[in-house]
Amino acid sequence: MGLLRQYDLKVPRGEVATTPQEAERIAHELGSEDLVIKAQVLAGGRGKGHFDSGLKGGVRVVYSPTEVKMFADKMLGHKLITKQTGAGGRICNAVYVVERLYVRREYYFAIVQDRATKGPVLIASSQGGMDIETVAAENPEALVTHPVDIDKGLSIEDARTVAGKLGFTDNALDEAADTFMKLYKIFIEKDATMIEINPLAEVHQEGGGSTVMCMDAKFGFDDNADFRQKDIFKLRDTTQEDPREVAAAKWNLNYIGLDGNIGCLVNGAGLAMATMDIIKLHGGDPANFLDVGGGAQADQVTEAFKIISSDPRVSAILVNIFGGIMRCDIIAQGIITAVNQLGLNLPLIVRLQGTEVEAAKKLIKESGLRMFAIDDLDVAAKKAVQMSKIVGMARDAGVQVKFELPI
């Protein structure tokens, strides 16, 4: 919300607290007995979520500083589980204590990148304060979309048009259009990939009338812009992210954790997607997307294995490398180092093709390690699925199966 204030956007009075005592102090300073305390986690669905402390709801209405402190104590340091976090939840390290305002009407407004139009697009709805995915599915005509020419930018005329379609009138229409212009300025100047205001609201003012305010905000920023958006990226809280994704980024590896049990190590995003598809085709579930890129070194491959094997759900690993720029012998050396360092106790299926593949096979043979070396991708994927099922059944039965390399 501080970023919105920097651009003179209207937001409710409030501050972030990291301790129950700080939350209580902020509540006193706000001087109101009508407040809201919000868990600060990188996930949606907070209001309907629950904490591992037993508290239900990550957004609570409170009526005194004492109550603020009590709820902060049950939120801070605890995991909030929502439909977006999965069963593991996300740790809550901060809460936002804010004055509660009474709104006349709630709206939804967002700016996102749109590949179809090759530029930003405004997405808005007169049905704010709720899950926009639900609105899109059940009442798509309630959505207003407006592509923006990236070269020309957002004009005040277009901003007024969108505001009018949402139902703003008179002074509120001008305020809404001005709000859209300022949000677009943030989007461009801060290298944002997404700005979501939900709800955007017409708030009742004492003495009559209303004003347009951003009641809650969600941002996404381009990771490639961290060198020029240092003020933004210094706020990054890696405890809110998958630790494996954080570790992968340090080694310039593209890793995304999934819900399956077959670890994947592949070079190239397209081949990685195809590898996951063929695993699914044969009845398996990939545990991750991991692209080591076209110029990975042996130490990066070793780290990739460490990251994959750190997931307790993984019951088999499929390596699929097509050597173009990437040399297969470098991958092989990384595999050998990883197996020796980690004492890998999982079925390992390796499919190598392309540059220096014969040298790679020689390295693996001379290492004395035994693994499933398969040239055909379809056969390799089937073997990975088969072995993962064997390990999975053994784990379910409480039987410890060792796949020691060499075997």
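Glycine is treated like the rest: Cβ placed from N, Cα and C.
TrEMBL: automatically predicted annotations, no manual curation.
Remember, it's a predicted structure, so these values are computed and weren't measured experimentally.
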Same-site substrate binder from N252, N254, N261, N267, given that TrEMBL records G324, I325, M326: N267
List of residues, in chain order, with Cβ under 8 A from that of G324 (substrate binding site) and at least 6 apart: G294, G354, T355
PLDDT averaged over every residue in the domain 'ATP-grasp fold succinyl-CoA synthetase-type' (3-201): 93
Where E106 (ATP binding site) sits in the secondary structure, as DSSP reduces it to three classes: strand
Cα-Cα distance linking I325 (substrate binding site) and G47 (ATP binding site), given in Å to the nearest integer: 48
For N198 (Mg(2+) binding site): DSSP state (helix, strand, coil): strand
Neighbour count (Cβ, 10 Å) for G47 (ATP binding site): 15
Nonlocal neighbours by CB distance (under 8 Å) for N267 (substrate binding site), same chain, sequence gap 6 or more: D291, V292, G293, G294, A296, I321, F322, G323, M326, I331
